[in-house]
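The annotation domain 'Globin' is assigned in Swiss-Prot to 2-148. The phosphoserine annotation in Swiss-Prot covers 4. Residues annotated as O2 binding site in Swiss-Prot: 65. The nitrite binding site annotation in Swiss-Prot covers 65. If you look up Swiss-Prot, you'll see 68 marked as phosphothreonine. According to Swiss-Prot, the heme b binding site annotation covers 94, on the basis of similarity to another entry.
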């Protein structure tokens, strides 16, 4: 399940492009998540009232949350699989406070892949997509293990 150094380099190369606009990427990813899987919106009291894509695009709170999500994910990706310290508090909050099912992390992973491909097609070809998919699967597998330790089977 681990990634090779070459795969991590592909992941981190495209992630550098994401970091140039964390808020914009994050907002677009969350909008794609909420539009594709409206049930996920119910986990966010702050965003439940946002019904249209236009409302979502106008929401500064959504943009800020997108920035927060991608900042955390970037910190995890940069650890190249050695993300225990970063993952623990994230798993704790997502399992016990927010109660986010692993399935929702799959949904956001799909949204991430889609947005990166649409925004950075020349930097996110098949090899980079495969590497990012693998990195996100590793993240989900490890967070699922933490969920289990915490007694959350979401």
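Every residue gets a Cβ built from N, Cα and C, even glycine.
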Legend entry - Residue among the binding-site residues 65, 94 whose Cβ has the most other Cβ atoms within 10 Å: 94
Inset, instruction - Rank the modified residues 4, 68 by the number of other Cβ atoms within 10 Å of each Cβ, and give the residue at the low end. - result: 4
Legend entry - Assigned element (helix, strand, coil) containing residue 4 (phosphoserine), judged by DSSP: coil
Inset, instruction - Do me a favour and check the Cα-Cα span between the residue listed as 'phosphothreonine' and residue 94 (heme b binding site); whole Å is fine. - result: 14
Inset, instruction - Quick one: average pLDDT across the domain 'Globin' (2-148), no decimals. - result: 96
Inset, instruction - Would you mind reading off the Cα separation of the residue listed as 'O2 binding site' from residue 4 (phosphoserine), to the nearest angstrom? - result: 31
Legend entry - Rounded inter-Cα distance in Å - residue 4 (phosphoserine), residue 94 (heme b binding site): 28
